[in-house]
């Protein structure tokens, strides 16, 4: 019996480690690098055109594994609906996602003497990405490695550790999307790196435009409007939108220019020793 349990457990671990290309292809173009899971080729399959239901069919267990993955990576409810909606039998998973998201709407991060909700924290994630914040900077700013002296301090530290991990997930997601778009430029130049003014533009064209805008000192807020972020959006929806990689790219280019124009810090100038 024990051996049987070990075999089943090992099988489950192997199952959850498999990337299902069929499901990934079903959500291609959504602008993310999620890994989607399956049990076997027969479990996840597209319903035939003659079938009564559209989308993909999968076991409830597999769909819930995907839902849990979306929750772990801090995707918004609207984005979870978009992804899970690719399945014909997704309603139960959506209900579970809604339930779990409601439970984590408080104590997501502690900043400026108050606990933030998930949406407020993710708004900070957007700011950090545009500022180029690194893991080391955040760990230093949040004083992650100081031993907490009270239960409240310990809770604050644990909450902020989780927030930093969530932010790093966003950075990994952004790097993967940026890399994929870079590869698209060489494999299929018709794929757009960004879309605005009713047209899709290639990566080379966008970077050329960005170079000109940086030289003129075009503000980030102006580029934000050009890329279609002028309407109120939830931070997670903004992050997962198709133009966000371009937006973050311009922010980085602008930072690099501004940093190059700053005079050197006095404490960083080496002095000859006597």
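Using the three backbone atoms N, Cα and C, a Cβ is placed for every residue, glycine included.
Look at Swiss-Prot and you will find 1-21 tagged as signal peptide. The annotation motif 'RxLR-dEER' is assigned in Swiss-Prot to 35-53. According to Swiss-Prot, the N-linked glycosylation site annotation covers 41, 74, 258, on the basis of sequence analysis.
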Inset, instruction - Quick one: give me the count of other CB atoms within 10 A of the CB of residue 258 (N-linked glycosylation site). - result: 11
Legend entry - Local confidence of the motif 'RxLR-dEER' (35-53) - pLDDT mean: 36
